[in-house]
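Read the structure below first, then the notes.
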Amino acid sequence: MSHAKIPLAGVIGCPIAHSKSPQLHRHWLKSLGISGYYVPMHVEAIDLEEILHSLPKAGFVGVNITVPHKERALEIADLVTDRATLIGAANTLIFRKDGKIHADNTDGYGFIQNLRQNAPDWHPEAGPAAILGAGGAARAVVASLLDVGVPEILISNRTRVRAEALQQEFGRRLTVIDWVQAGNMMDDASTVVNTTSLGMIGSPALRVPLDGLRKGTVVTDLVYAPLKTHLLIEAEKMGCITVDGLGMLLHQAVPAFERWFGTRPTVDSATRAAALR
Ligand code: ATR
């Protein structure tokens, strides 16, 4: 007797309980009528490589990778997309039929798609982008903004050397601004992005002066808990176009789901509701 194989996928992190990806993928599987499973997996760093090599044999077609394994997963992979190499981390793995592990990074894609969907008049080439933070998330944001034609990036981080490292790597279109002067970036910016964890539930507030923000500037926050951060509330009061960070999470999952399960899902209000459940 033979059984049709039900494809398995999931997300690997440490910790993993907070991840919204299981609700999201399960919503798509159910609404599209696809048989498949998406499971959260708590994996310690020491076990990562062995587990990644065991999963295909257990019926897994791929996994998402989250904190703290994104850089290590890139090293373990046999094949890597250009955008994952550029970002220096993997958030999506595809287990190929030939046994090879293929790594991609869809964070930058998700970031841009979120802006395109929720600020349809956004023109990346309209003017400089101001970025707060220079950690892992900022790398994906910088790479994707440069890719879509932002003319200049102003970047400010509490630890200045991390912003300088990004400038070294991504080149002359980046200018580093001191953290105490981060508010000055707002005057010129057409796009403003918070990539720090400031403003997240349980983290301190983002205290950068915002009075320089211009009407019509597109302001987005990668923090999505709460959905309306202090930055977005203040920016809205000043006539800016605001986009919350949940859409980035939803859009980054689209290419992975399509590769694993063969159907491209859509991101709409039902998807948002499912991820927030
Ligand atoms: P991620 O992958 O989410 O970017 P990360 O690499 O740990 O995570 O980066 C977190 C970002 O939030 C960094 O820009 C960090 O600034 P530092 O590089 O100076 O650590 C920023 N951040 C976190 N807590 C902060 C705080 N209390 N004040 C200012 N910036 C903070």
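Each Cβ is built from the backbone N, Cα and C atoms, and glycine gets one as well.
Shikimate is bound by Ser19, Lys20, Ser21, Thr66, Asn91, Tyr224, Gln252 in TrEMBL, and the record lists one more residue there from Asp107, Asp211, Asp268, which is Asp107.
For the domain 'SDH C-terminal' (245-268), same-chain residues at least 6 beyond its ends with a Cβ under 8 Å from one of its own Cβ atoms are 7, 9, 20-21, 24-25, 28-29, 32, 34, 36, 61-62, 64, 91-92, 94, 104, 106-107, 109-111, 113-114, 117-118, 220-224, 227, 275-276. Ligand 1 lies under 6 Å from the Cβ of Thr159, out of the binding-site residues Ser21, Thr159, Val161, Tyr224. Ser19 (shikimate binding site) sits 15 Å from Lys70 (active site, proton acceptor), counting Cα to Cα. Under DSSP, the residues of the domain 'Shikimate dehydrogenase substrate binding N-terminal' (11-93) split into helix, strand and coil as follows: 38 helix, 19 strand, 26 coil. Note on the domain 'SDH C-terminal' (245-268): DSSP counts are 16 helix, 0 strand, 8 coil. Highlighted in sequence order, Val11, Asn64, Leu249, Ala253 have their Cβ within 8 Å of the centre of the Cβ atoms of Ser19, Lys20, Ser21, Thr66, Asn91, Asp107, Tyr224, Gln252, the residues recorded for shikimate, and are not part of that set.
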